[in-house]
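Visitor: Annotations for this protein, taken from TrEMBL, read as follows:
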type	residues	note
ACT_SITE	Arg288	active site, proton acceptor
BINDING	16-21, 39-54, Asp223, Glu389, 405-406	FAD binding site
BINDING	His244, Thr256, His355, Arg400	substrate binding site
DOMAIN	11-406	domain 'FAD-dependent oxidoreductase 2 FAD-binding'
MOD_RES	His47	tele-8alpha-FAD histidine
Amino acid sequence: MATQVTKRKFDVVIVGAGGSGMRASLQLARAGLNVAVLSKVFPTRSHTVAAQGGIGASLGNMNEDNWHYHFYDTVKGGDWLSDQDAVEFMCREAPKVVYDLEHMGMPFDRNPDGTIYQRPFGGHTANYGEKAVERACAAADRTGHAMLHTLYQQNVAAKTSFFVEWMALDLIRDAEGDVVGVTAMEMETGDVHILQAKTTLLATGGAGRIFAASTNAFINTGDGLGMAARAGLPLQDMEFWQFHPTGVHGAGVLLTEGCRGEGAILLNSNGERFMERYAPTLKDLAPRDFVSRCMDQEIKEGRGCGPNKDHVLLKLDHLGAETIMKRLPSVFEIGHNFANVDITREPIPVVPTIHYQMGGIPTNINGQVVTKKDDVTNTVVNGLYAVGECSCVSVHGANRLGTNSLLDLLVFGRAAGNHIVEFNNKNKEHKDLPKDAADLSLARLARLDSSTSGEYAQDVANDIRASMQLHAGVFRTQKSMDEGVVKIAELRERVKSIGLKDKSKVFNTARIEALEVDNLIEAAQATIVSAAARHESRGAHTVDDYADSAEFPNGRNDKEWHKHTLWHSADNSLSYKSVQMKPLTVDSVPLKVRTF
Ligand SMILES: Cc1cc2nc3c(=O)[nH]c(=O)nc-3n(C[C@H](O)[C@H](O)[C@H](O)COP(=O)(O)OP(=O)(O)OC[C@H]3O[C@@H](n4cnc5c(N)ncnc54)[C@H](O)[C@@H]3O)c2cc1C
């Protein structure tokens, strides 16, 4: 157990070295600020490295495209829950941030004329839904890998300080509610440190590990969400979790949508390309929530494949071995390693798998964390920013379009970086640290060491994951979600008494795992409580009880539910705020029924 608390001072502390954290840190280090980036793992092992398919930007390198189409697709893909000012900002900035990466040396695939190669992706269309368009800028099926390494190298050159294998524990807020830094544990020594900063940026990625079957890395435990929740800040739209249609059956590992972008198709047990029936225009490239639902429908109606009729097939062999090895080499390896299938010869079994969190810590388009005061006013939390998957700005609404996340990291990472530089220029002095700066974190650690309950972190974590999978999975019912609310509340009590096994030889990694459960439970409870309260189907939140009807097409009830959810940890309560329908310069995309 740590006894020593040392203090260090920086201009900016960034928690997270994924794409969003490193895009922001680059902006700051280049401006000469003293910036510390903390990461639980080596920066290039952050989950961004696993992104396969691409970065969305309307470069128009293959066919005519422009940001207006991208804007429309994003709002429609998000089932009209996105804030349209943020969406406009992102889609307009997209080409700029992709060219920035190109100039940094990112090894994009190329067309014969030297321009960046772009592939089609789910929900990407030209002329407002008329036909599919190639918008995903790709480096084979290793786009995130190429991007993260590029950003890391640039940060090293710009002299960003990395604190590798450091786990941020809690935000430090002063009496005025301003954020003045974080506490963190150095994993090697177990020492707790106070990192004081004029601004703190959370870039901790998603919380996909609150579910049992997920495409996410094991480190994606929602630490930033937990830190925000414990500091009294709300979490927004947490009921919306994206299921990726093509997780390897039985393993959950992702097969990029780039497969279907390159021409792969989904088949049922009759060998039928069923997406043609559900989405005549976009077929297999309809948005993810829609495709996942269609797959489930096929399985429910008895056309699933395999002995248990519990999956469908993704067929790639008609693309030819040459295209597969050039454009989808990692998918080939995944097929071999996780399904024992040679995808150049036979189809691979797939099921929808948890993939991406649309909700998160609410921010404005500068990345500043906001809390709601009333229905129209957002109040900024001084000194605190959030970007990337842990944040909710909200561009993805109720369902994210493929490739818009990597884009979100770049656009808002850069924007937050620029805004922080301004903030730091205006605020020359650090604010004082409160006396009790480290108390909360030290108490959390002391609790682990003193508990004699026999309640262990991994048992509780596994129960959280199983409950979330069962009660807030791809297909939800009101009854099951209501039961989930009760179960997660019980699990929250168990979390409070977690202790360490065999205290005489505890490693710090065991402490880290136990501390992560404090974060898992916040993300899980935010999700299940927000989900059970939303009495409609919208985007990724599909509830059997709220099915398609004449009054509520697709089960969506705009009159009552066209609003953002805010979950408050302190009293496990909810409040709501309006969706920003007004873009920055163009006309809004008015509410419409979503068909493809
Ligand atoms: C398999 C897969 C494929 C994907 N493919 C695509 C794609 O093709 N296109 C697309 O747009 N999106 C894709 N996505 C989504 C996208 O990759 C992620 O949303 C995005 O990379 C998240 O980036 P991030 O910077 O927010 O966080 P991450 O990359 O997850 O990084 C989080 C960072 O926070 C650090 N961290 C977390 N907690 C702490 C703590 N307590 N203390 C210190 N450090 C901490 C971690 O160490 C890590 O450095 C994919 C996602 C997955 C899982």
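Glycine residues also receive a Cβ, built from the backbone N, Cα and C atoms like all the rest.
Note that the coordinates shown come from a computational prediction; the quantities given were computed from them, not determined experimentally.
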Visitor: What is the total of other Cβ atoms whose distance to the Cβ of Arg400 (substrate binding site) is within 10 Å?
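Guide: Here the count is 28.
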Visitor: Within 10 Å of the Cβ of Val49 (FAD binding site), how many other Cβ atoms can you find? Include all protein chains, please.
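Guide: Result for Val49 (FAD binding site): 21 other Cβ atoms within 10 Å.
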Visitor: What mean pLDDT score does the domain 'FAD-dependent oxidoreductase 2 FAD-binding' (11-406) have in the model?
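Guide: In the predicted model, the domain 'FAD-dependent oxidoreductase 2 FAD-binding' (11-406) has a mean pLDDT of 95.
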Visitor: Give the three-state DSSP assignment (helix, strand or coil) for Arg45 (FAD binding site).
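Guide: In three-state terms, Arg45 (FAD binding site) counts as helix.
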Visitor: What Cα-Cα separation, expressed in whole Å, is found between Gly53 (FAD binding site) and Thr256 (substrate binding site)?
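Guide: Gly53 (FAD binding site) and Thr256 (substrate binding site) have their Cα atoms 6 Å apart.
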Visitor: Which chain-mates of Val41 (FAD binding site) that are at least 6 residues away have a CB under 8 A from its CB, listed by sequence?
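Guide: The list for Val41 (FAD binding site) reads Val164, Glu165, Ile219, given in order along the sequence.
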Visitor: By a simple count, how many Cβ atoms lie within 10 Å of the Cβ of Arg45 (FAD binding site), its own Cβ left out?
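Guide: The answer is 17 other Cβ atoms.
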Visitor: Helix, strand or coil: which one is His355 (substrate binding site) in, per DSSP?
Guide: strand
Visitor: Measuring Cα to Cα, how far is His355 (substrate binding site) from the residue listed as 'active site, proton acceptor' in Å?
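Guide: About 10 Å separate the Cα atoms of these two residues.
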Visitor: Near ligand 1, meaning Cβ under 6 Å from any of its atoms: which of the recorded positions Gly16, Arg45, Val49, His244, Arg288, Arg400 fit that description?
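Guide: Listed by sequence, the hits are Gly16.
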Visitor: Max Cα-Cα distance in Å among His244, Thr256, His355, Arg400, the residues listed as binding substrate?
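Guide: For the residues that bind substrate, the greatest Cα distance is 14 Å.
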Visitor: Near Thr256 (substrate binding site), which residues of its chain come within a Cβ-Cβ distance under 8 Å, counting only those 6 or more away in sequence?
Guide: Gln52, Gly53, Asp141, Thr246, Leu328, Val331
Visitor: Using a 10 Å radius around its CB, how many other CB atoms surround Ser405 (FAD binding site)?
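Guide: Excluding its own Cβ, the number within 10 Å is 28.
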Visitor: Including all protein chains displayed, how many Cβ atoms other than that of Gly53 (FAD binding site) lie within 10 Å of its Cβ?
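Guide: There are 29 of them.
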